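Written out below as structure tokens is the structure these notes cover.
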């Protein structure tokens, strides 16, 4: 089968791949048999997923190699399904077969060390390389519109297959059906924009610019969410992940009983274990089963997901995740005092600690949709610490009574932090709010590059724009849960290349307290400031650009460099230096010979600023 035919097949399966998955997968024997998988998925579906998996495992490999490896594994699977199921090769776990195939390839970049290891260490080694935040592959760039339309008209199916490959290698943790559904959207955009390419009134570039987010937004969001979840699982373990999912599901389905919620938590934790291990086929089966369970039990779960369950299977998961929380059951008491006042509390805590804490978290979460899941975990940890202390022999009778006061204090502090941040955002707007964050985070993490600091603070500013306009009962879940994604990205960056001990402490000590910990970080006292060299601050006529976005970027890069040079700069000093820079820029941009002006005025500004900062 030639490459064009292979990719045509991949495109055809995008709509049907998940429909082939059996409903009762967990009851099927030979779960790890490649022949069994092949029979369940059928050849075309198996081949499509194999190509995605190889692109995710080997992002530095070529498109042709990914296709060839997918062909090899599919051929083996076909033989195993037909007659050779007792062959030693057919009895290997599927992940081992995939890694053996990769390790048989010659001159693949960066995998020699992994291939010398034995399983399961080999698999762990490969998964450790699945870290998209290292920037191994350059960002996906939108092609020139006219060239893309010409390509699409001549090579439609290979082009879509190549798109699948490019998305897969850039998003190694992304769920395979998400990639396939995005490929469908990509093909729709190409048809919509290129279909009327001969219309002289149609602006191709504008069409691509307008429709591109429809394709790439779910890729970025789902990829980040999946990588984030895997980071939590790897760093903090299953207990933390289950607690997080328990809080989130209890909020989304407050009418569901504890047993039902707990079943979903266990199933979702198992799914993430498979997904994060890199077993994409198990991951798909697990997710399909969960979706089937949720949609066939709407009556006991939620009245808000009917529209989601009516959607095509590939669109259900995203819809359910984004669905609003169901209404709380009528008559649900606002308090959970029985977990404090009941005389049998300490006995239950001693006998079944985790189950008792889970019940508390479930009851508290379903009553408080206005809290973030991370805050609910902090409340759960506070309750655990309270019982650890108050259930000891000799603890005073009123020991537990202080718990409610400490809870009120924590809630007030969290809400105050978010309200203050939103007040600043509303007062200053996007650009100046981001500058405030840049000053703060450059002092906390001066080891990050200017580009990294600008990217992370830009993401935080976007959260402000999104969440600060919401009602008070929606603010906290929106702000802290989105901020948690950014902090997770910072922590994965730290894992790849350590930043400093303060960041290390926040990223490794407690998931629930990560955001408050980062907020309390101050200037890194061990950081050695940048020396003042001739090239540290340079001023050119490109500062006169009329493109506001480019100008703001240049000014923010200078701001970061200034903080790295003088981390202890006061707000007054910063205001003075900024005013002097603005005056110089305005003066030179009025001159006929702008570069000559900057060449003369720039060094003078640096001398005056150095004198001011040394005072």
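Glycine is treated like the rest: Cβ placed from N, Cα and C.
The annotation signal peptide is assigned in TrEMBL to 1-20. According to TrEMBL, the feature domain 'Albumin' maps to 23-216, 217-409, 410-607. According to TrEMBL, the disulfide bond annotation covers 80-90, 114-125, 149-194, 193-207, 295-309, 308-319, 346-391, 390-399, 422-468, 491-507, 506-517, 544-589 (among others). According to TrEMBL, the Ca(2+) binding site annotation covers 279.
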Review point. Among 207, 308, 506, all listed as disulfide-bonded residues, which has the most CB atoms within 10 Å of its CB?
Key: 506
Exercise for review: Determine the most Cβ-crowded residue among the disulfide-bonded residues 80, 90, 309, 391, using a 10 Å radius around each Cβ and all protein chains in the structure.
Suggested key: 80
Practice item. Measure from the Cα of residue 295 (disulfide bond) to the Cα of every one of the disulfide-bonded residues 90, 319, 391, 399, 589, then give the nearest. Key: 319
Study note, to complete from the structure: Among the disulfide-bonded residues listed as 125, 207, 308, 346, 399, the Cα nearest the Cα of residue 468 (disulfide bond) belongs to 308
Exercise for review: Have a look at the disulfide-bonded residues 308, 491, 544 and say which one has the shortest Cα distance to residue 80 (disulfide bond).
Suggested key: 308
Study note, to complete from the structure: Students should find that the Cβ of residue 114 (disulfide bond) has, within 10 Å, a number of other Cβ atoms equal to 21
Revision key, fill the gap. Judged by other C-beta atoms within 10 Å of its C-beta, the most isolated of the disulfide-bonded residues 149, 194, 319, 544 is 319
Check your understanding: Expressed to the nearest Å, what is the distance separating residue 194 (disulfide bond) and residue 207 (disulfide bond) at their Cα atoms?
Key -> 9
Study note, to complete from the structure: So the residue listed as 'Ca(2+) binding site', by the Cβ count within 10 Å over all chains shown, scores 20
Point to revise | Per-residue pLDDT averaged over the domain 'Albumin' (410-607), given as an integer | key: 94
Practice item. Check the disulfide-bonded residues 125, 390, 422, 491 for other C-beta atoms within 10 angstroms of each C-beta and report the one with the most. Key: 491
Study note, to complete from the structure: Sequence-ordered disulfide-bonded residues within 10 Å (Cα) of residue 319 (disulfide bond), taken from 149, 193, 309, 390, 391, 399, are 309
Check your understanding: Can you name the disulfide-bonded residues among 90, 149, 309, 390, 422 whose CA is within 10 A of the CA of residue 193 (disulfide bond)?
Key -> 149
Exercise for review: Write down the Cα-Cα distance for residue 149 (disulfide bond) and residue 308 (disulfide bond), rounded and given in Å.
Suggested key: 33
Revision key, fill the gap. Residue 506 (disulfide bond) sits from residue 491 (disulfide bond) (Cα to Cα, rounded, in Å) at a distance of 9
